[in-house]
Amino acid sequence: MSGLAIFLVALMIGSSQACRCIFQPLGQKYCDSKFAILANVTQVQEPSISNDYIWTYTLEVGAIFRDEEGDITLGNGATVKSYSDSCRVFLQQGHTYILTGGRQGLGDLWLHDCSAIFLDITSSSPQEEIVLLVLSVPEPCPYLTSP
């Protein structure tokens, strides 16, 4: 009986660590995002302090589809961050992604598994993904809930 109890407790703890999100269509995520870019990950920086929990990705931005702040530029140097909790977005150095996400603090770009789109297009044609994601969403976005 004690073995079963330990198993059930471990199962409950493990399941509480999983990222749980309410389903959102890609169009909704795109419309709710503060930015949408095509970028190659040039550097991955793991959390520097044990209590930091923030991963930082340095990007080479190849295209900008959405930029509410108007401060993302093409080329090297843009950074995007993600908390290393259970909902962290995992990006790999050398891979190219279509990324959407939000902003925090002083305009920092952030990714969160529930609200971000992160399509790895390293080994596929980006045109199909771009057309599917961006061009299929009319402007103004029909999913926006506030003016």
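Any Cβ shown, glycine's included, is placed from N, Cα and C.
A TrEMBL annotation is a machine prediction, not a hand-curated record.
Since the structure is predicted, the reported quantities are computational estimates derived from the model, not experimental observations.
Here TrEMBL flags CYS19 as Zn(2+) binding site.
Packing around CYS87 (disulfide bond) is summarised by its Cβ count: 17 other Cβ atoms lie within 10 angstroms of its Cβ, all protein chains included. Per TrEMBL, disulfide bond is recorded for CYS19-CYS87 (among others).
When secondary structure is read from DSSP and collapsed to three states, CYS21 (disulfide bond) falls in the coil class. Other Cβ atoms within 10 Å of the Cβ of CYS21 (disulfide bond), summed over all protein chains shown, number 10. Annotation source TrEMBL lists disulfide bond at CYS21-CYS114 (among others).
In the predicted model, residues of the domain 'Netrin module non-TIMP type' (28-104) average a pLDDT of 87. What TrEMBL lists as domain 'Netrin module non-TIMP type' is 28-104.
Look at TrEMBL and you will find 1-18 tagged as signal peptide.
If you take the Cα of CYS21 (disulfide bond) and the Cα of CYS87 (disulfide bond), they are about 9 angstrom apart, rounded to a whole number. CYS114 (disulfide bond) sits 7 Å from CYS87 (disulfide bond), taking the CA atoms of both as reference points.
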